[in-house]
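Undergrad: Just passing along the structure, written as structure tokens.
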């Protein structure tokens, strides 16, 4: 091998070791790798490493841009509450991890068979996060299975992943290789998916960490008292407390119901909600904000609807009442709080105690913490004022635009139909859908920018640059040739070697890069043996998608890395058996369906 190949391999190994030891973030390690490779190119003048233009070319990759646009599409779905309309019938309200996974994973695999995996995972990320919060199940045992379930689905059809389409495009340029039909991959993909899902159900409680984001009401001194009213036209009328999902809210409990002037202090789970019921909750700020977003519930105070300006431009703010506030000693209603500050009091916290009476009748005291619905201008006016000690905006607290939910769902359906039918590319369809979300008011441009996970995009772009260096230096081809030649002249062993090499490269770089690098090696190996190349192509597609042991190999693995609180070792421990299972199934079935 050339010195360029040795250097590239050393850099890639350093990145993998750094990830395994949590030495730095994936972004830092990969950009450091790009820096080393570009510096070596500049100092030596070689053309077999990584030129600056090649290092940044990955950031213009259509797949990466598509991922960024899909974050905007998901922002519109989340902002309008449309995601809840999709996910609630599928996910429901399971109480155990097994039932949650059984409800979640098969639909994800089914969708991923006909949609790109990335939008499916992007759509379900907030669903899984909300599910983990509501059910208090460990999110770490849901996020990685979510990614793997999408990968299983992508193995089942030609349009399931971009990798399959890349290899199919390469096959079209080879007259000696029969084209792959839409459902050919299902012969291998469906058995892999079924066995893989069984493995996840059995192994995830044992092999994945138990990371929970607990919300402890008693541990938080800012225990708010909040009121909401059951919307007469909403979906909660007639449902029991249990069915409405109001019994096991994390960091929140239902203290009482006021109905027709009577107070029900001990609310049974079977109690059915009626139109106009006033529900009194006590809980932490994050949960109170979530409560305000639930479909079928409205703020109990009519002051929210009297605020100036559009509701979709408002935010939630926490403000601590100072002893110089002129409303101290007056009730919220008598002090005309809304008129004075153009802000509506949604909840009040006082020393961790639950306050009795209606929100409007609470007499303000110095030190009370108020949760307000207001406009961002309130922050600018009051930060340096004397009426409040502390003013801070609650992150991601804008009210939901439920009236736009069906518009968001329509844009999503149009994007899926256009991409699945081949009328538009996934990039084109995602661009139109993202633009539609902003233009129709499903999300604002500022919210869209905030919703994009820039760290994921940076990692993907940098990983593509490192993959280009593997190709330029000849390191990838040299390693692949050596492993395949070691298998000798036996087709089964050569097929096994092709799968192993592709799987290894997928974990080290990216799935598309691995498929492109190994394709000529696999084709020449089949031709040299004088056997049918189709099983080699099928195994190449499956192996390039089977990224289970590393967060680097597949975009969806990177997308769940942060939310799940994973370490590199978690992927290796939980994913390596899946790699071996997938290899065993693919190498066994492919030659039976397409004989050598």
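Even glycines carry a Cβ here, placed using N, Cα and C.
Sharing the feature lines straight out of TrEMBL:
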- 30-51: transmembrane segment (TRANSMEM)
- 63-87: transmembrane segment (TRANSMEM)
- 148-171: transmembrane segment (TRANSMEM)
- 177-202: transmembrane segment (TRANSMEM)
- 212-297: domain 'RCK C-terminal' (DOMAIN)
- 302-388: domain 'RCK C-terminal' (DOMAIN)
- 406-434: transmembrane segment (TRANSMEM)
- 454-480: transmembrane segment (TRANSMEM)
- 492-523: transmembrane segment (TRANSMEM)
- 535-554: transmembrane segment (TRANSMEM)
- 574-594: transmembrane segment (TRANSMEM)
Undergrad: For the domain 'RCK C-terminal' (212-297), what does DSSP give as the number of helix, strand and coil residues?
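TA: DSSP classes over the domain 'RCK C-terminal' (212-297) add up to 9 helix, 27 strand, 50 coil.
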Undergrad: Find the member of 30-51, 177-202, 406-434, 535-554 that has more C-beta pairs under 8 Å to the transmembrane segment (454-480) than any other listed stretch.
TA: 30-51
Undergrad: Is the transmembrane segment (30-51) close to the transmembrane segment (492-523), in the sense of at least 3 CB pairs under 8 angstroms with a sequence gap of 6 or more?
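TA: Contact between the transmembrane segment (492-523) and the transmembrane segment (30-51): absent.
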Undergrad: Which numbers of helix, strand and coil residues does DSSP report for the domain 'RCK C-terminal' (302-388)?
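TA: Summed over the domain 'RCK C-terminal' (302-388), the classes give 22 helix, 24 strand, 41 coil.
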Undergrad: Are the transmembrane segment (177-202) and the transmembrane segment (574-594) close enough that 3 or more Cβ pairs fall under 8 Å, when only pairs 6 or more apart in sequence count?
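TA: The answer is yes, given that the two segments have at least 3 Cβ pairs within the 8 Å cut-off.
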Undergrad: Pairs 6 or more apart in sequence, C-beta under 8 angstroms, 3 or more of them: is that satisfied by the transmembrane segment (63-87) and the transmembrane segment (406-434)?
TA: yes
Undergrad: Can you check how the pLDDT averages out over the domain 'RCK C-terminal' (212-297)?
TA: 78
